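A.B. asks: My structure is below; once you've seen it, I'll send some questions.
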2 protein chains.
Amino acid sequence: MEFLDGSWKKEVSSWDALMGEELLNQEAILEGAIHSIRNMGDVAFVIIRKREGLFQTVFVNEEVNFSIHDLKEGMTAKVKGIVNEEERAPHGRELRIREIQVLSAPAEPLPLAIDKWKLNTSLEAKLNYRSLSLRNIQERARFKIQEALTRAFRDYLYENGFTEIHTPKIGARGAEGGANLFKLSYFHKPAVLAQSPQFYKQMMVGVFDRVFETGPVFRAEKHNTKRHLNEYTSLDFEMGYIDSFEEIMAMETGFLQYAMKLLKEDYEKELEILKVELPDASKIPAVRFDVAKELVAKKYNRQIRNPFDLEPEEEALIGQYFKEEYDADFVFVTHYPSKKRPFYAMDDPEDTRFTLSFDLLFHGLEITTGGQRIHDYNALLKKIEDRGMETEGMEQYLDTFKYGMPPHGGLGIGLERLTMQLLGEENVREACLFPRDLNRLEP
Amino acid sequence: MEFLDGSWKKEVSSWDALMGEELLNQEAILEGAIHSIRNMGDVAFVIIRKREGLFQTVFVNEEVNFSIHDLKEGMTAKVKGIVNEEERAPHGRELRIREIQVLSAPAEPLPLAIDKWKLNTSLEAKLNYRSLSLRNIQERARFKIQEALTRAFRDYLYENGFTEIHTPKIGARGAEGGANLFKLSYFHKPAVLAQSPQFYKQMMVGVFDRVFETGPVFRAEKHNTKRHLNEYTSLDFEMGYIDSFEEIMAMETGFLQYAMKLLKEDYEKELEILKVELPDASKIPAVRFDVAKELVAKKYNRQIRNPFDLEPEEEALIGQYFKEEYDADFVFVTHYPSKKRPFYAMDDPEDTRFTLSFDLLFHGLEITTGGQRIHDYNALLKKIEDRGMETEGMEQYLDTFKYGMPPHGGLGIGLERLTMQLLGEENVREACLFPRDLNRLEP
């Protein structure tokens with residue numbers, strides 16, 4: 001009988017070993033894809049793409065018994081050779097080729113010049129050839145940055161006593177209501193895709209006190225803008241026993257600080273590739289919704305058209321205002337109007353036209369919506385009634401409150417928007433592996 | 001201007017502080033839900049439920065200026081009192097109540113006796129009242145165990161150079177084909193919910209070499225069994241540059257060992273609450289599909305009805321066989337018949353009726369399907385043609401191979417099944433917060 005014990009012997013040198021002292025001037029084996037070939041005649045540079053980066057290998061005609069024409073870009077290979085120091089190589093090291101074992105060969109040459117430092121092609125083409133365009137070093141680096149953000153979110157919340165949950169994406173009704181629901185037939189019953197895990201995370205606050213989820217949400221919005229996706233990844237948390245909704249903002253600030261630290265420590269290479277300057281999350285100003293509108297109206301000579309709504313241009317100007325006045329990258333805008341928030345939002349007892357809620361703007365774009373929720377059963381019923389809503393299909397959500405719930409609140413962060421703003425991208429599709437929009441359902 | 005700097009002062013004692021030396025015989029403040037009240041007349045035990053566990057507080061009539069009848073199970077409260085050592089209390093500590101500030105009160109008494117050690121009610125009732133039944137300490141502990149498994153999966157793969165990805169759940173077509181697809185209309189275009197991230201993770205192997213995703217998958221299967229869910233969480237990985245499909249099994253074995261270690265170290269409390277005995281993942285036997293069938297047929301005197309299929313009863317017997325013969329909790333069954341695997345599975349060059357693939361059985365139940373995939377473009381086209389399949393809608397998937405892909409493979413683990421087997425549950429619904437099955441779309 002054969003047994004697996006978790007170990008696996010590979011005759012391949014790790015990236016760290018290639019960079020270390022032990023293999024210097026020694027034989028090493030390197031695995032990866034042939035990213036580019038620069039043929040200078042008797043000598044050729046064969047650049048190998050690995051998950052850690054590019055590694056230069058050198059083909060010298062008289063040192064090997066095969067032709068450079070046997071190699072093609074897009075092949076994957078196992079390369080045996082001698083590790084040399086070489087100042088001009090990307091990491092100060094190169095491999096002088098002795099033997100190559102080709103693992104696979106492409107059927108056709110690549111349609112995109114992925115080996116250029118900057119991939120010069122349209123967003124449309126990049127998305128159509130997603131599995132190829134991301135082989136470009138800059139393009140793929142974005143998604144390592146995105147990984148760091150998700151990872152930081154989870155690790156920070158674990159540290160703070162949160163429990164991770166997985167809630168269903170198919171349900172009988174949506175949490176936010178409205179028209180932006182994708183509908184489907186679930187074994188002949190009408191069903192919808194989750195707009196957010198809102199109801200479920202609240203239900204689980206009564207169980208675990210603090211919960212989070214990182215997962216997809218679905219919005220059938222007919223917007224076709226640079227900042228909307230119809231499916232995106234939401235970083236959601238919900239916490240019980242809060243003294244004030246500012247406690248939620250403090251938790252988010254802590255997460256952002258943790259994320260910047262993780263990026264600096266573990267994702268330095270990608271920050272460098274993309275020339276990302278990390279924003280300052282050490283202290284984040286908080287301003288009331290109505291005050292923010294006035295500040296911006298005054299400074300930029302702009303008329304307030306609707307006192308209960310924030311237009312995208314106003315968001316951008318609030319971002320600009322706080323950058324100019326306080327050198328702030330982030331701004332919490334608090335006390336959103338009640339009529340702009342869902343029924344479960346807690347109204348401000350001091351002025352019920354507003355709520356104990358907030359958005360977080362990052363360089364002038366909303367990346368988070370959060371706030372305190374109603375936890376009292378009768379208050380919740382009254383709000384539902386006042387809005388002329390039906391409780392049908394919400395029985396189990398409402399039961400949660402009937403039998404007792406702590407004061408609580410939470411937020412949802414759009415992962416792609418956070419990534420987009422961190423990278424200084426113009427279009428949120430640049431920060432999504434496989435975006436879904438009004439026109440795009442593939443790849 | 002107000003600023004958030006990530007810190008938040010709370011006049012509340014942490015669980016660790018309550019258990020530590022400093023607060024002994026001192027005043028402390030405790031927040032939580034009133035889990036149960038045992039009223040003995042002049043003295044009452046008020047058990048507080050917190051995320052960390054139950055904490056005993058003691059009400060003594062003459063020491064406070066309120067009545068025990070002011071308190072109700074299901075309330076949430078801030079309790080001020082003196083920390084005492086008390087052998088008979090759950091953690092050797094109790095709080096002698098001085099003051100209570102009620103944070104919230106239920107509208108009605110709980111319909112379930114959640115304060116019983118074992119919640120004595122049907123699965124149906126538990127699922128109908130999910131946000132209440134999980135307030136039971138044993139019930140909720142299961143999902144901390146589940147958290148540990150997801151967490152271990154990610155941490156182990158991060159350590160091994162994997163990149164986390166987020167792939168779309170709405171797409172134009174399914175990866176596995178067949179009838180078990182949920183269909184929906186996506187802005188008047190026909191679309192389906194993802195059965196698995198298979199195509200996407202393969203496409204990303206060409207970019208990141210190693211990728212993983214933890215997310216929902218959707219199967220419109222009309223099974224109504226104890227081991228099927230129509231939406232579940234899949235722990236998926238895919239790795240490039242493999243020398244053999246056994247490398248995938250080695251990676252999974254490593255993950256399981258890591259998960260058992262994490263459980264032992266960080267989830268001891270929950271293991272104790274549920275009396276879980278951790279399985280042995282130190283070495284896992286691997287047996288060929290056809291050999292396994294024969295071994296079981298012989299030992300248990302069972303006729304082989306179909307040499308190309310494994311019935312659930314056979315899986316259970318294979319589990320039993322390896323427990324009896326090798327004291328093994330897990331078994332890899334390898335070389336599944338080609339006709340039982342999807343088109344992208346790599347056939348065994350030594351006998352193309354079988355594939356370089358495997359299932360992992362845990363106590364006789366399949367919890368993983370994995371294997372090596374075809375990486376050569378022309379081989380892939382040929383397999384599609386041989387099966388009489390259409391390539392329509394797969395263009396971008398196929399392009400990935402046309403332009404070169406390394407040898408690779410991967411697997412998908414059903415998180416709920418893994419949890420279920422670890423806990424020794426009879427029904428997979430016990431291991432899912434909000435299960436979706438043929439009849440259940442709520443809560």
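From the backbone N, Cα and C atoms, a Cβ is placed for every residue, glycine too.
As annotated in TrEMBL:
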SITE      A:PRO90  site 'Important for tRNA non-discrimination'
DOMAIN    A:143-443  domain 'Aminoacyl-transfer RNA synthetases class-II family profile'
BINDING   A:GLU176, A:ARG219, A:THR369, A:ARG373  L-aspartate binding site
REGION    A:198-201  region 'Aspartate'
BINDING   A:ARG219, A:ALA220, A:GLU221, A:ARG227, A:HIS228, A:LEU229, A:GLU366, A:GLY414, A:LEU415, A:GLU416, A:ARG417  ATP binding site
A.B. asks: Pick from A:HIS228, A:ARG373: which of these binding-site residues has the biggest number of other Cβ atoms within 10 Å of its Cβ?
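C.D. replies: Counting Cβ neighbours within 10 Å, the top one is A:ARG373.
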A.B. asks: Using A:GLU366 (ATP binding site) as the reference point, find which of the recorded positions A:PRO90, A:ARG219, A:ARG373 has the shortest Cα-to-Cα distance to it.
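C.D. replies: Looking at Cα distances from A:GLU366 (ATP binding site), the smallest one goes to A:ARG219.
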A.B. asks: If the ATP binders are A:ARG219, A:ALA220, A:GLU221, A:ARG227, A:HIS228, A:LEU229, A:GLU366, A:GLY414, A:LEU415, A:GLU416, A:ARG417 per the record, what's the largest distance between their Cα atoms, in Å?
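C.D. replies: Spelled out: the longest distance between any two Cα atoms in A:ARG219, A:ALA220, A:GLU221, A:ARG227, A:HIS228, A:LEU229, A:GLU366, A:GLY414, A:LEU415, A:GLU416, A:ARG417 is 19 Å.
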A.B. asks: Taking the Cβ of A:ARG219 (L-aspartate binding site) as the centre, count every other Cβ atom within 10 Å, in any protein chain shown.
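C.D. replies: Summing over all protein chains shown, A:ARG219 (L-aspartate binding site) has 22 other Cβ atoms within 10 Å.
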A.B. asks: When secondary structure is assigned with DSSP, how many helix, strand and coil residues does the region 'Aspartate' (A:198-201) contain?
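C.D. replies: Across the region 'Aspartate' (A:198-201), the residues distribute as 4 helix, 0 strand, 0 coil.
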A.B. asks: What is the interatomic distance between the Cα atoms of A:ARG219 (L-aspartate binding site) and A:HIS228 (ATP binding site), given in whole Å?
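C.D. replies: Here the two Cα atoms lie 9 Å apart.
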A.B. asks: Tell me, by DSSP, whether A:ARG219 (L-aspartate binding site) is helix, strand or coil?
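C.D. replies: Reduced to three states, the DSSP call for A:ARG219 (L-aspartate binding site) is coil.
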A.B. asks: Does A:ARG417 (ATP binding site) have same-chain partners at least 6 apart in sequence with Cβ under 8 Å from its own Cβ, and which are they?
C.D. replies: A:ARG227, A:TYR232, A:PHE362, A:LEU365, A:GLU366, A:ILE367, A:VAL428, A:ALA431
A.B. asks: State the Cα to Cα distance, in Å, between A:ARG373 (L-aspartate binding site) and A:LEU415 (ATP binding site), rounded to an integer.
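C.D. replies: So the Cα of A:LEU415 (ATP binding site) lies 22 Å away from that of A:ARG373 (L-aspartate binding site).
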A.B. asks: Under DSSP, is A:ARG373 (L-aspartate binding site) part of a helix or a strand, or is it coil?
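C.D. replies: A:ARG373 (L-aspartate binding site) sits in a strand per DSSP.
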A.B. asks: For A:GLU221 (ATP binding site) and A:THR369 (L-aspartate binding site), what Cα-Cα distance in Å is obtained after rounding to a whole number?
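C.D. replies: Just about 17 Å between their Cα atoms.
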A.B. asks: Roughly how many Å separate the Cα of A:HIS228 (ATP binding site) from that of A:PRO90 (site 'Important for tRNA non-discrimination'), to the nearest whole number?
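C.D. replies: On Cα coordinates alone, these residues lie 37 Å apart.
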A.B. asks: May I ask for the distance between A:THR369 (L-aspartate binding site) and A:LEU415 (ATP binding site), taken between their Cα atoms and rounded to an integer number of Å?
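C.D. replies: A:THR369 (L-aspartate binding site) and A:LEU415 (ATP binding site) have their Cα atoms 12 Å apart.
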A.B. asks: Based on DSSP, name the secondary structure state of A:ARG417 (ATP binding site): helix, strand or coil.
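C.D. replies: Note: A:ARG417 (ATP binding site) is helical by DSSP.
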A.B. asks: What is the interatomic distance between the Cα atoms of A:PRO90 (site 'Important for tRNA non-discrimination') and A:LEU415 (ATP binding site), given in whole Å?
C.D. replies: 32
A.B. asks: Around A:PRO90 (site 'Important for tRNA non-discrimination'), how many other CB atoms lie within 10 A of its CB?
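C.D. replies: Its Cβ shell of radius 10 Å holds 13 other Cβ atoms.
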A.B. asks: Taking each of the binding-site residues A:GLU221, A:GLU366 in turn and counting other Cβ atoms within 10 Å of its Cβ, which one has the fewest?
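C.D. replies: Minimum Cβ neighbour count within 10 Å, taken over the binding-site residues A:GLU221, A:GLU366, occurs at A:GLU221.
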